[in-house]
């Protein structure tokens, strides 16, 4: 994962030209309270937007704690991930991503970690892509096995939140230019001037001609930078050229991105600034990628029976070896009312409701264009599936035959730019090659790739058929230079009619006919072959929530809304992890699930002896209470434990949980009342009032400390008052010596050990052991501490 982080104390001004304004704040967002990361559903999303024409952006983050208890808050770590176009795909727990997930030319991801100490941290970007940016924030991941399970009220109750601010610096109103118009620019030394122009779908190359350059007195060269979608800079640019003062003109040949705004930066560079000026004229001209009608491929590629509703183009990446015809298909979005469930189809597929194959030959490649909408389409998973259409032999009977051994399909998919598939497994863009993520042949099965949270924008899927052997292509650099100059001269002198469409093909044919350039008749790294082959492909491009709408049998697909952003993610069970809940590295083995269930359930049976002892000692209300502790706790843990594998729920879990907590607190109350040895009337009143009050308190917050403390403190006060009155009445020890000096201390010690285990020592890893021990200790304490009928002197009453 690429990480880029620039930290500074405050936002800086990076623009020192007349065309750039100071840094200004555009938005500020304060998150809701953060949660510790266990799965992607625990994240908080922050949605920020960088406007067009932005040359510099700075994201400022700070985190703080909000104290909700008397205990002070500790400083905690907060993880932040920032990405353009769609939510970032992350795995802080190091769980593996599915093998079919591909990092398809994704936008760079920025990550950092801050602390909840209100100290600011910045992520700075030069020439950022405009549009939506998504920040994922959460409390830093920790292994859940060591997370403490502490009693509410006995620990610091703190909540963290993040404040995110966006500062931008924009280019001031860059002048919009159009092709074929002549423009003049007057500029000072070291002053950047910006222009922008829009490139349509019919162009993938352009020529910039600069003439009549007059340099300022202190400038020795003219800097020209070009970039798509954003103003260029020293760090970010698609094309950068220098024209030195020894020349008074220059020509720049560059590739473009279809359907995109492009920016040009001009700057006279010199040793110092002065008031002198320089000037020049410039003209922009697009190079058409329409396939000429007299091309050898035109008639074949215009066969609408063979190529369904497509149109023919020529791809030329300013190299003589990259001049390749291709078929362009605009796909149509077909959606349902379900979130993130849509597909991209050919027009014929919408009409026929059947899969329509793409027919291909080895002489061209095919391109499919589709658009991912901003906001509504980025929260699912994009799928790209390719398969050979079965070949049918029609003789006396219908039979299928396999694809020839030497047929290989190399496929590429990219957002915002066209990649050309090349032999044997590469995708080429702007002279840079990368490995193809999808190769299809007779034996290869990797015909499916998934792109989680695809970025919004225009996507291009390209694929090409290869057959036969590859003879290496050796094209001299001098031939390439003559080809470039030929195309430039042709484009600048053609009259704008059909003649301009033939510049690249005519120049290529003329230069290849030269003896020294015969090796330039190439198809990527291979010489073009006279051998041709054909095949048909079936494709499926679409979107599903999660992974094909599901999360394996160990999770469920859910939709999460955060800061107005909707995304799908898997909620895993049984401690499974991963994007599709398939990582079982921390999952509890089945035998441990059984042990956990048996420990938590069977440990409650220790309350049955307490029921028997209470009944024998004629504490009937207490006996009933202890029995229902055993009953509700047994069925509560039978429903809650078992990791959703072997659990049994008698009724809904919340009802069982209420019964468990209420009976446990009620048992504490009735036991303390029994120790107080009140008269029967007062005992009955305490039982009834206590049951009502405790039921009310348990309903409000069953896990709060005060719900447990209320009956304990009240019961101890009643015991103290009752025993003081007893002592004042008889002026001597009124209780059994053995009970006072042995059973009470031992019972208190057992209770103390149980409370320490319950409130301070439990973690997710040892929960099954310590909580089962808590059951046993509490049951044993009840047996020890519950008075016998002869514990108190019978004549001592209040």
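Counting begins at 1 with the first residue displayed.
Backbone N, Cα and C atoms are what each Cβ position is placed from, and that goes for glycine too.
Taken verbatim from TrEMBL:
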{"type": "SIGNAL", "residues": "1-20", "note": "signal peptide"}
{"type": "DOMAIN", "residues": "542-582", "note": "domain 'EGF-like'"}
{"type": "DISULFID", "residues": "572-581", "note": "disulfide bond"}
{"type": "TRANSMEM", "residues": "590-612", "note": "transmembrane segment"}
{"type": "TRANSMEM", "residues": "619-638", "note": "transmembrane segment"}
{"type": "TRANSMEM", "residues": "658-676", "note": "transmembrane segment"}
{"type": "TRANSMEM", "residues": "681-701", "note": "transmembrane segment"}
{"type": "TRANSMEM", "residues": "707-727", "note": "transmembrane segment"}
{"type": "TRANSMEM", "residues": "739-761", "note": "transmembrane segment"}
{"type": "TRANSMEM", "residues": "767-786", "note": "transmembrane segment"}
Top partner of the transmembrane segment (590-612) among 658-676, 681-701, 707-727, 739-761, 767-786 - counted as Cβ pairs under 8 Å: 767-786
Below 8 angstroms Cβ to Cβ, which residues of this chain, lying six or more residues outside the transmembrane segment (767-786), approach it? 149, 595-596, 599-600, 603-604, 606-607, 609-610, 613-614, 617, 619, 622, 626, 633, 641, 664, 667, 671, 674-675, 743-744, 746-748, 750-751, 753-754, 757-758, 761
At a C-beta cut-off of under 8 Å, are there same-chain residues at least 6 beyond the transmembrane segment (681-701) that contact it? List them, or none. 152, 621, 658, 661-662, 665-666, 669-670, 673, 707, 710-711, 718, 798
Neighbour count (Cβ, 10 Å) for residue 572 (disulfide bond): 25
In three-state terms from DSSP, label residue 581 (disulfide bond) for me. coil
Per-residue pLDDT averaged over the domain 'EGF-like' (542-582) comes to what? 90
Chain residues in Cβ proximity to the transmembrane segment (619-638) (below 8 Å; excluding those fewer than six residues from its ends, i.e. six or more beyond): 597, 600-601, 604-605, 607-608, 610-612, 647-650, 653, 656-657, 659-660, 663-664, 666-667, 670-671, 674, 687, 775, 779, 782, 786
Validating a neighbour-count step here. Other CB atoms within 10 A of the CB of residue 581 (disulfide bond): how many? 26
